[in-house]
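What follows is a set of notes on a single structure, which appears directly below.
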């Protein structure tokens, strides 16, 4: 009888210890996930929206529905006759086609 009681106490102690470790792991995972979400939100705030100028920061465009916008540049002739480069964040044609196909597929299949 003493052996069963001792074994039961040992089993309860091990179970409570393992469940406490598991809860600590879950708490740590929640904190890590929250920090990564905060970092992603800060990165989103710093990005350049669609159709805005990205001449000075060509890799800072925001994400679209499926793809990240790309900085697209064109050469513009000013009124004084100088050629300058102007860039804006936009969706490349192949990404537009892919988004169209995906959107069409969602409408058909559900």
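Heads up, the Cβ atoms here are built off N, Cα and C, so glycines get one too.
The signal peptide annotation in Swiss-Prot covers 1-20 and rests on sequence analysis.
Annotation comment: Swiss-Prot describes 47-62 (among others) as disulfide bond, evidence class similarity to another entry. Cβ neighbours within 10 Å of residue 62 (disulfide bond), excluding its own Cβ and spanning all shown chains: 16.
Sequence-distant neighbours of residue 54 (disulfide bond) (same chain, 6+ residues apart, CB-CB distance under 8 A): 48, 60, 61, 71, 87, 88, 89. Swiss-Prot lists 54-71 (among others) with the feature disulfide bond, giving similarity to another entry as the kind of evidence.
The disulfide bond annotation in Swiss-Prot covers 61-89 (among others), and the record cites similarity to another entry as its basis. According to its DSSP assignment, residue 89 (disulfide bond) is in a strand. The 10 Å shell around the Cβ of residue 89 (disulfide bond) contains 23 further Cβ atoms across the protein chains shown.
Sequence annotations record features per position, and here Swiss-Prot assigns disulfide bond to 73-87 (among others) based on similarity to another entry. Of all Cβ atoms in the shown protein chains, 19 besides its own fall within 10 Å of the Cβ of residue 87 (disulfide bond).
Residue 73 (disulfide bond) sits 16 Å from residue 62 (disulfide bond), counting Cα to Cα.
Counting other CB atoms no more than 10 Å from each candidate's CB, the disulfide-bonded residues 47, 61, 71, 73 peak at 61.
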